[in-house]
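Engineer: Sending over a structure as structure tokens; questions will come in a sec.
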Amino acid sequence: MSVKHFIQITKPGIIFGNVLSVAGGFFLASKGHVDFALFLAVVIGTSLVVASGCVFNNCIDRDIDIKMERTKNRVMVQGGMSLTLALVYATLLGVAGFSLLYVQANPLSAFCALIGFIVYVGFYSLWLKRKSVHGTLVGSLSGAMPPVIGYCAVSNSFDLAAVTLLVMFSLWQMPHSFAIAIFRFKDYSAANIPVLPVARGILAAKKQIVLYVLAFVLATLMLTLGGYAGLGYLAVAAAMGLYWLYMAWGGYKAEDDSKWARKVFGFSILTVTALSVMMGVDSQTAADVLMTYAR
């Protein structure tokens, strides 16, 4: 056991991705008036909560991970850390993260983090991932919480913008996850995980990817239409979203499903990164947007 194991078991890549969306939500609510001490507390607090969830997930999934090529070398599978130590580590990370959000931000942001944590660890990891084709849908709620946490940490209000962020990022999770399940089809089949491509076929997953990307594109526009983001954000959201939709539609004539799914997955990362950046740098009040339209 080494320091490396303590880092690896938290899934740093997932933490980094969540930090980007936290920042997007935070700067969207800040509207150019950034409290950097609060920002640091929210980023660290959310990262600790996400890390805690990932460690718990590693503990829960160790019987599944050993059957999958991409996860067979994880810390818990390889015996790099005892179950007891991992559970204690996960608990300490969670307590630290929730406490930091509650004390340094506000109870609302801590509550949003708690909801995401319960959905991911309790409903998704412990239950639905193994039992239901709808596990991805339920799990998407946890993946959508980080930008909401960032937004609510500043606004201290669960308003239309917070709802829009929750819907946007939940919708984004679906085609992103289905694409992974397609190019990792053998892994999920070997572990008997009922993701949509395995349970109902790749064609069914392709149809769902197109529908969810379309819904995502429409949802992204609501930040500008609702008066929370500017026209620069709108242009980027529309361009990225429509190209992602075009790419998703191409799945119907793809000769290599795995190659196509990897492209859809890769562009999903670019899309959510671009939107997180743009909603942070091009946030506006409703009055600002109305004045822009009126000119």
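Each residue, glycine too, has its Cβ placed from N, Cα and C.
In case it's useful when we look at the structure, here is the feature table from Swiss-Prot:
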- 9-29: transmembrane segment (TRANSMEM)
- 36-56: transmembrane segment (TRANSMEM)
- 83-103: transmembrane segment (TRANSMEM)
- 108-128: transmembrane segment (TRANSMEM)
- 135-155: transmembrane segment (TRANSMEM)
- 163-183: transmembrane segment (TRANSMEM)
- 209-229: transmembrane segment (TRANSMEM)
- 230-250: transmembrane segment (TRANSMEM)
- 264-284: transmembrane segment (TRANSMEM)
Engineer: Report, as numbers and ranges, every residue of the chain located at least six residues beyond the transmembrane segment (108-128) whose Cβ falls under 8 Å of a Cβ in that stretch; write 'none' if there are none.
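Structural biologist: Distant contacts of the transmembrane segment (108-128): 42, 45-46, 49, 52-53, 56-57, 60-61, 94, 97-98, 101-102, 134-135, 138-139, 141-146, 148-150, 152-153, 156-158.
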Engineer: Sort out the residues at least 6 away from either end of the transmembrane segment (209-229), same chain, that have Cβ-Cβ distances under 8 Å to it, and list them.
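Structural biologist: For the transmembrane segment (209-229), the nonlocal Cβ contacts are 28, 160-161, 164-165, 167-168, 171-172, 174-175, 178-179, 237-238, 241-242, 244-245, 248-249, 251, 264, 275, 278-279, 282-290.
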Engineer: Which stretch, 163-183, 230-250, 264-284, tops the Cβ pairs under 8 Å count with the transmembrane segment (9-29)?
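Structural biologist: Of the candidates 163-183, 230-250, 264-284, 264-284 scores highest.
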Engineer: Take the transmembrane segment (163-183) and find every residue of the same chain, 6 or more past its ends, with a Cβ under 8 Å from one of its Cβ atoms.
Structural biologist: 21, 25, 28, 136-137, 139-141, 143-148, 151, 195-198, 202, 205, 208-209, 212-213, 215-216, 219-220, 222-223, 226, 228, 244, 248, 257-262, 264-265, 268-269, 271-272, 275
